[in-house]
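Participant: Got a structure for you, written out below as C-alpha cells; questions coming shortly.
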Amino acid sequence: MKGYIWGLISVLLVTIAQLLLKWGVVNLPALNLGLHWFDIEWLWSHRHSLVAVMAGLAGYLLSMLCWLFTLKYLPLNKAYPLISLSYVFVYLMVALLPWFNETITLLKTAGVIFILYGVWLISRPE
C-alpha cells in the first residue's frame with residue numbers, strides 16, 4: 001500500500017507541476033535567449049510567471065523523489081502505469097480551471113476513460 005500512496009503523491013505533484021509550468025510560460029512573453037534574462041526590471045515584471053515556472057520545476061523534482069519511494073515498494077510493472085494517471089488529472093484540471101481555456105471534447109474524454117481502464121487492468125490483483 002505504501003508504494004501506491006507514494007505513487008499517487010508523485011502523480012499529483014507532476015500534475016501540479018504541469019499546471020504551474022503551463023500557466024507560467026503562457027504568461028511570459030516570447031521565450032528566447034536574449035539579454036533580457038539579465039535585466040532586473042524584466043525579471044521583476046515577470047516574477048509571478050517565473051515563480052510559477054520555478055515552482056513547477058521544483059514540483060517535478062519532488063515528484064521524482066516520491067517516485068523513488070514508489071519504486072522501492074512496488075514492482076515496476078505495477079508502478080509505471082500510475083504515471084498515466086497524471087494525464088487524467090491534468091485533463092480534469094484544465095477542464096475545471098477556467099484560466100487554462102482548453103477545449104474538452106467527447107473524444108478526449110473517451111481517451112481519458114481508456115487510460116483509466118488500462119491502469120485498472122494492469123494494477124488489479126492477479
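Glycine too: its Cβ is placed from the backbone N, Cα and C atoms.
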Participant: Quick test of your reading of the annotation: per Swiss-Prot, do ALA30 and LYS78 share a side of the membrane?
Facilitator: no
Participant: Ranking 50-70, 80-100, 103-123 by Cβ pairs under 8 Å to the transmembrane segment (5-25), which is first?
Facilitator: 50-70
Participant: Residues of the same chain, at least six outside the transmembrane segment (80-100), with any C-beta under 8 angstroms of its C-beta?
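Facilitator: For the transmembrane segment (80-100), the list is 4, 7-8, 10-12, 14-15, 18-19, 22-23, 70, 108-109, 112, 115-116, 118-119, 122-123.
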Participant: What same-chain residues lie close to the topological domain 'Cytoplasmic' (1-4): Cβ under 8 Å, and 6 or more beyond its ends?
Facilitator: 69-74, 78-79, 82
Participant: Mind checking which residues reach the topological domain 'Cytoplasmic' (71-79)? Cβ under 8 Å, same chain, six or more beyond either end.
Facilitator: 2-4, 6-7, 122-123
